[in-house]
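Let me begin by presenting the structure, written as structure tokens, before commenting on it.
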Amino acid sequence: MNNELLRAKQNAKEKGAPYRAYTYYLSVPIVTVFLYAMLLLNISVNSLGYLTLIFAILAHVHGRKLTLLSKKKYLAPCLIYLGEIYTLIIMFAAFDGILLNYDLLLLVAYAIQLAAIIFFILTARDIKSVYPNMKDEANEAQKRYLEMKRLAKNK
């Protein structure tokens, strides 16, 4: 029974991987737009900008497991990484006084993040087209695993 439980758990992980990747690929644009809306409303976001980086890393990790997708799935997280590194370099240069007017350079950073948002949405759409029944399969595999876990616990 223990072997069957482990097999059901592994099956639930495998069947749920496309849905988890899909949710992360959709969450990055949502979080980014939300943070930009907060900035436009003059609400201080402090270190909330790193949420985008964290979700991009999670999307990258979960997207790596999807073998049916093209290599385009790596482009969006890499653009987020590039934008974060670029912004970090600009901020250090601005703090050191090397850059007196860095508004144009920040526009490049915004353009990189906008491109990343577009590629995240395109990749999420690709995931949905390659795995059309991902949510149902993930839920079914999770139900089977929980049922087997409940049966093993009762014995």
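Note that Cβ sites are derived from N, Cα and C of the backbone, with glycine treated the same way.
The transmembrane segment annotation in TrEMBL covers 21-41, 47-63, 75-98, 104-124.
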Remote residues contacting the transmembrane segment (21-41) - C-beta distance under 8 A, at least 6 residues beyond either end: 48-49, 51-52, 55-56, 58-59, 62-63, 65-66, 76, 80, 113, 116-117, 120-121, 123-124, 127-128, 131, 134
Below 8 angstroms Cβ to Cβ, which residues of this chain, lying six or more residues outside the transmembrane segment (104-124), approach it? 22, 25-26, 28-29, 32-33, 52, 56, 59, 63, 69, 72-73, 75-77, 79-80, 82-83, 86-87, 90
For the transmembrane segment (75-98), sequence-distant contacts whose Cβ falls under 8 Å of one of its Cβ atoms, 6 or more beyond its ends: 25, 28, 52-53, 56-57, 59-60, 63, 105-106, 108-109, 112-113, 115-116, 119-120, 122-123
